[in-house]
Structure formats: C-alpha cells, structure tokens
Ligand SMILES: NC(=O)CC[C@H](N)C(=O)O
C-alpha cells in the first residue's frame, strides 16, 4: 500500500512546530510498512484530483493566510472541496482551519474568503488566546496541544466541533467548543505539534486514507509509550497553567 500526503502551503503556513504532524504521519505509516510520500502544494501549485490520500494544512500568520485564501479562491479550492467530499481525510490547524470556514476577518484587514467546508467563521479578537490546551473529544478522548491565535471561530448550526475545552480557550474562549469536523476533515486550534502526543488522531487520519484504497479493519498497534508519556506531561503542564491562571485572577481581584 502507498499513501501520498498533500502538505498544503508547507513553506508558508508551518508555524509553532506544525511540521511535526507530517513527521508523525510519515513515521506511523513507515513503522507499519506503508509506503508514504509527501507532496508540498504551495501557492500556484496544481492540486490534481485523486493525487493525495490525506491533506495537512498548518498554521500561519495573517499575511500568509491572504496568499493562501487567494490561491484557493478559484478551481483549486473547488478541487480541494471535492476531495474532502469523496472522503479524503484532512487535518487543518489554526490558520489553515480558519480558511476552511466561510471567512476569516483579520485585524484591520480585508475579510478573507474561506472554502466554506466547515459551517464556521472567524473574526480576529482583541486578545491573543495563548497557552496549553486540553480538549475532550467523544471519538478521540483527551487531546492535548498548544494554542496561539487571535481569531475567534464561531460554529454554525450544522457544524460539529472536534470536542469540548477542558483547559484553555478553544474556538473562541466563550462557548467551550474546540475545532470543527466535516466528513473526514478536522479543523483545530491545537498546535504542539498535535499528532505526536495524540496518536489516536494520527491513526484515524491514516486509516481513512487507507480506506480510499479499499483497505478496512484496524491498524496494527504501535509502541506509544513515549507518546503517552509526552501526552501525560502536557496534561500536567496544562493543569499547572490553570492553577497559576486562577491564582493570578484571584490576586487581581484583591
Ligand atoms: N496560529 C495561527 O495559525 C494564527 C492564525 C491567525 N493568524 C490568528 O492569529 O488567529
């Protein structure tokens, strides 16, 4: 079996360690004997239907998002939408996630059109939402990561969140939701990188990609001792952050 991972805007939207998601996907395939290659798809590059079995789109600053939004405004965006509709899995983090909603309205800049894949929209707020985050997902259990965004994402009536925020800000710091899902596409604010500490999510994406080639069943398990240890440490850090934040608020109230 051979998989191709389409890495959207790899050279321009790849902040806060998001490259680690690609490394994790490749490594978890190779340890199972699945041949895999990575195809970088940047601004102006073609996106051929059926070429990729999985997409990843990392985070980026507003400036890079402007170029990416423009690049996806035409037939390329329609091809990406069709790929998701045919069941190709996708993981989009932060800036990539924001551009898969209806629009992203940055500070002071023009509103950027999104693909409208997720029934969601994003408006830059006055505060940056930064810190360790823990999310509870029905399908993937406890997810850990790091977030750094000013964009506040709001979900429409047909949107399905990735999970509920236990510690941190999430989509907008108000409604307790984090991320969004549509078919096998997942948008999230969890940088970190996300997948090394959340192997169940990585394996979900790999399994959906294999299913495009007629595979079915369970992936052979891997030794996730290190991932589990890093995951538990991330939860401890987030809990410590919550305690410090609570003390800080208490002291400010005096
Ligand atoms: N971390 C990111 O990808 C940032 C996305 C967007 N520019 C924001 O600040 O919300």
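Cβ coordinates come from backbone N, Cα and C, glycine included.
Annotation comment: TrEMBL describes 4-198 as domain 'CobB/CobQ-like glutamine amidotransferase'.
When secondary structure is read from DSSP and collapsed to three states, residue 94 (active site, nucleophile) falls in the coil class. What TrEMBL records for 94 is active site, nucleophile.
The feature substrate binding site is assigned by TrEMBL to 128. Taking Cβ-Cβ distances under 8 Å and a sequence gap of 6 or more within the same chain, the neighbours of residue 128 (substrate binding site) are 148, 149, 150.
The active site feature in TrEMBL is assigned to 191. Listed in sequence order, 15, 16, 17, 18, 59, 93, 94, 145, 146, 147, 148 are the same-chain residues at least 6 apart in sequence whose CB falls under 8 Å from the CB of residue 191 (active site).
Averaged over the domain 'CobB/CobQ-like glutamine amidotransferase' (4-198), the predicted model has a pLDDT of 97. Reduced to three states, the DSSP call for residue 128 (substrate binding site) is strand.
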